[in-house]
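Visitor: Heads up, here are the entries from TrEMBL:
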DNA_BIND  85-128  DNA-binding region
COMPBIAS  365-378  compositional bias 'Low complexity'
DOMAIN    83-127  domain 'Homeobox'
DOMAIN    130-331  domain 'TLC'
REGION    337-385  region 'Disordered'
TRANSMEM  38-55  transmembrane segment
TRANSMEM  180-198  transmembrane segment
TRANSMEM  205-224  transmembrane segment
TRANSMEM  260-282  transmembrane segment
TRANSMEM  302-323  transmembrane segment
Amino acid sequence: MAGILAWFWNERFWLPHNVTWADLKNTEEATFPQAEDLYLAGPLAFCIFMVRLVFERFIARPCAVGLKIQANGPQKAQPNAILEKVFNAITKHPDEKRLEGLSKQLDWDVRTIQRWYRQRRNQEKPSTLARFCESMWRFTFYLYIFTYGVRFLKKTSWLWNTKECWYNYPNQPLTADIHYYYILELSFYLSLLFSQFTDIKRKDFLIMFVHHLATISLIIFSYVNNMVRVGTLVMCLHDAADVLIEAAKMANYAKCQILCYLLFAMFAILFISSRMGVYPIWILNTTLLESWEIVGPYPSWWVFNLLLVLLQLLHCFWSYLIVKTACRAISKGRVSKDDHSDIESSSDEDDSPPPHQKHHSSAANGTNKNGTNGYLTGSPFSYEH
């Protein structure tokens, strides 16, 4: 075990040439980041998750009720033992061959069975009230941590001159403000990583999982090798747009559509300008070019920048989805359900329960009951960054 730890904490990987861990030991005059500081993030992540449960139950839920957001979820599928058994034991997305077999077995129309499966899948999705509570929690945290980051960074020299991130590196003392900022952000993203398995399931689950892993890795990497100055810039930049998207989702759940459109437009502008403009020009420029000039590359420097570039690729992917959603909204005259919507929608879905016999299904037609043809007046946006 000692050999493995010695290999993992190899100074020539983590630190620049001619710098050792002994140079970064805490003294009476200065405090530096220590790897063991990060152990606090695990218990704190659990505490944040518990705070979230209390917040959603006693703060977010009453707010949702005050906004007349209903707790009931999507319409429930009509009970059917055969379909339920297939749904739970075999598949939630039957292919054409299985649909034909079920149609003969039940004497149901194929479209009726497809509708039953859609309603049954939607039945497992959380209610609008649950989604509102989740968004309000994230909005509250992002607003707090972004406000904290701005108030802290405006007093620093490296906000105005990014070369200050690398002067005298890595012998830059760790302040209490940076330590608090880092541990809180790391704890929050750890809580998101694990709660992703219990939160609302979305189609971009894997992308978000990779995003959380990349974010956590970046925080840990930058803390261990004392790249905390540039790390604070990255964290603050990313928190800005997250505040607006969660606010837009809350407005959508509360059926405040004009406010929702306005917030989403502000989010789209801020996200694309910050992630596709400021991030590469400001952040990647200093981590790739300025640090190369002042400090020079070393192994963990390459890994750190690789993670930052991976984050930029995710920015490109999300920017494409945001532009796609905005273009669709303009062409339809409303914001349609985006590619990550929480509830499935189809143009042939209606609100009536499936009938027992084929001849009862003749009333089904190509549009749903409210005539929206699969496009809603609002969209439960699920972009998270």
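Every residue gets a Cβ built from N, Cα and C, even glycine.
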Visitor: I'm checking region-level scores; what's the whole-number mean pLDDT for the domain 'Homeobox' (83-127)?
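Guide: The average pLDDT of the model in the domain 'Homeobox' (83-127) works out to 87.
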Visitor: Quick check on the domain 'Homeobox' (83-127): DSSP residue counts for helix, strand, coil, in that order please.
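Guide: Once the DSSP states are binned, the domain 'Homeobox' (83-127) shows 32 helix, 0 strand, 13 coil.
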